[in-house]
Each structure stands twice: as C-alpha cells, then as structure tokens.
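All remarks here apply to the structure that follows.
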Amino acid sequence: MTPSELMPREKLLTYGANALTDQELLAIFLRTGIKGLPVMQLANQVLTTFGSLRALLTADLNAFCQIKGLGQTQFIQLQASKEMTKRYLAQQMQMCETINTPHLAIMYFQTELEFEEREVFMVLFLDNQNRLIKKEKMFYGTINQATVHPREIIKEALKCNAAAIIVAHNHPSGNCTASQADRQLTQKIKAACHLVEVRFVDHIIVGKGSYFSFEEERFHQNN
C-alpha cells in the first residue's frame, strides 16, 4: 500500500509525522468529522477557510469557533499543543551542553515570536560554554516597532553573569528583511557587548515561516 492510500493515523505510524500533509495532521487532531462531512473533508474545509495552518494556529477563540465542527474544546487542545511545543524547545535548549550553532535558538525564537501580533524583542543569555542561563522577552512594541535599550540588555547580562547573548525580534508583517533601523540596533548592541566583554552571537529576525540571521549574512559575505 502506497503512502497516499493510507489513512492519516496509519500513515503517521508507518512513515512518521513529517510525512503527513497539513490536512492529514489536522484530521488527526480533529479525530472525527461532522454529519455529512468526513474528517478529511472537514480538515480541508478548515484549512481553506483560514488559508493556512499558520492562520489556524493564530486564530482567536471567536474566529476559531465560527467554523462548524470546531469549538472551545478543540481550541483549548490546540493552544495546549502549541504551548507544549514551546516548552519542549525551551527544555531542549536547557538540556543542550552547548548552543554552538544558532539553529536550535532559531527554532525556539520562531516558536515564541512568529505568532506575536506586535514586535517583541527577546534575549537568550549564555554562559562561557554557550549553555543557556536564562531567556527573557525584554521589550514590547507596536505592530511595526519596539524600542530597545542596549544598556538594559547589558545590565541583565551582567546580572546573570552571562558570557554571551543571542537576541531576536519579530516582524509582525511577516517580512523578515532587516531594515536600516535593525542594522543600526545590531551595531549598537554589538558595541555595548564589546565594552563589557560579553560575546554577541547573533541577531535573528523572525517572519512568517522565515527568518533572517545577521551572523549568517556575515558568513555568506565573507565566503
């Protein structure tokens, strides 16, 4: 039997969750359809209505419950699933001996920041072996701007005896392209870190399903 002939649950058990389409994953989450609409058709209808899985995941309770077959119970389950994913990634970082590459941090930042409706600036504080000391959302802004104070970042880094930091913020517009203001801010934070001998690892911008890394840009420019 080919993968396309398997039902979603059997396909997951045979090939793993990453082999499933968004529709199939949602069908498993919904478990059952409604009268006159099998679960796979219901899942397709939900995705068509919202436009994407991301839009479904960011919908508020009122919008979520507008769809026949979706209710408060499913909304609560979905929010719990999202939170478990966040905590899993946070614990993965906490358990890592070192964060030698930013990819785990990028995954975590995407989970934490991608769905924020306003700009949020977040910092990971690392020890001298690149192990996570703490994480903190330090600054909150509007839909297109957050005021960031480098001195407050440095103050917190010294307070927790951090040897390095990774910073990130989101672009609620979904476009992760770095603006001139983003570049200027990065240089200010770098300079502040240099003064107190705290290593600046990277500044990551989170968009919708995408990200921009200043460190990756620097690497590609030099190679």
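Every residue, even glycine, has its Cβ placed from backbone N, Cα and C.
Listed in Swiss-Prot for this protein:
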{"type": "DOMAIN", "residues": "98-220", "note": "domain 'MPN'"}
{"type": "MOTIF", "residues": "169-182", "note": "motif 'JAMM motif'"}
{"type": "BINDING", "residues": "HIS169, HIS171, ASP182", "note": "Zn(2+) binding site"}
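Sequence-distant contacts of the motif 'JAMM motif' (169-182) (same chain, six or more residues past either end, CB-CB distance under 8 Å): 113-114, 116-122, 139, 143-146, 148, 203, 205-212, 214, 217. In sequence order, GLU119, ASN170, CYS176, ALA178, SER179, ILE205, VAL206 are the same-chain residues whose CB sits within 8 A of the CB centroid of HIS169, HIS171, ASP182, the residues recorded for Zn(2+) being left out. Other Cβ atoms within 10 Å of the Cβ of ASP182 (Zn(2+) binding site) number 17 in total over all chains. For the domain 'MPN' (98-220), the model gives a mean pLDDT of 90. Under the three-state DSSP scheme, ASP182 (Zn(2+) binding site) falls in the helix class. When DSSP labels each residue, the domain 'MPN' (98-220) comes out as 44 helix, 34 strand, 45 coil, counted as helix, strand and coil in that order. Within the same chain, residues at least six positions away from HIS169 (Zn(2+) binding site) with a Cβ under 8 Å of its Cβ are LEU113, GLU119, VAL120, PHE121, MET122, PHE139, ALA146, VAL148, ASP182, ILE205, VAL206.
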